[in-house]
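Structure, as structure tokens:
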């Protein structure tokens, strides 16, 4: 749990995969339209309209309505303070800049993910265009950006003597400075997070352009071992760093700079193996149809889950302590998750699906590729069919049915 920050990198990776996968599908079908000025304009317009209505309404609700709902609850004061802070910085949320502007005033503290994701999205044509026209140049651009990101990460750790991760249980370097800006400069920075995003984009392009991938049993078995080993190493490699002295600054810098790319490489292997039919039980589990409706609600669920948590916790006069894992699951996890997804049905219907339909009606004549109309809520059919273990992407599957906002 204390090193669970890689879950965020998983979402950045998925975002990059789906963006490139769907964009290259459109490009291969209609290259001239996709590369036209109108095509790129709609590339951004669609993204903005896909994300913003549900998010903007949440910001307004959380700022001006939510605190009234919890005003008379036993623990209302904390939630009211949070809501009041939104009154000072809600406008920054609407600009997708809260990870840089007024970052010390937490309105929707978890919205930094949307900010970083949107900021990286704005610059994706710098990689998509060369990858489409001159792939070698595209790979060079990707390598340069990842190198700059990695070098910046190492520099920040050395310059400020920062920790290897955000884990608050790690021992503190006595020479550490400027830690208050760690979230802005490191944790929520698109320059740092883009490593995983770009690797995801490269994987998405690979899946769309590689028609078949035949692997010997030994090869894909070894790939699974390497992928799992990479991910477990970065996840549990710091298990003994909760006591004693800090890691040497060299190892802190190395872990900080290379743990996320290592995690992304592990995910890349899993996605590629599953897509081409070498996923086995993992692919079967992740392709289970029950994930489809949950995936369609994932964006709305992400948006509203914090207000749900605040509202539920505000109903008790008792301090909340961790007792046992079973108690946590029964008393907190299951109710909160259930209520979140039930409410997400309505949030998605009112503010996500409805605006997606309006967008289609308004932009049907100006939107270039027809496939963009299919991107709003579902990944394409290639991502849904079960694999046959013979390396055929036509019958492969991507590991998740999660609905991203590409």
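Backbone N, Cα and C define each Cβ position, glycine as well.
Checking TrEMBL for transmembrane segment across the ranges 72-93, 182-203 points to 182-203. Beyond its flanks by at least six residues, the transmembrane segment (329-351) meets 53-54, 57-58, 294, 296-297, 299-301, 303-305, 308-309, 312 of its own chain at Cβ-Cβ distances under 8 Å.
The transmembrane segment (110-129) makes contact with the transmembrane segment (6-27): 3 or more of their CB pairs lie within 8 A, with pairs spaced 6 or more apart in sequence.
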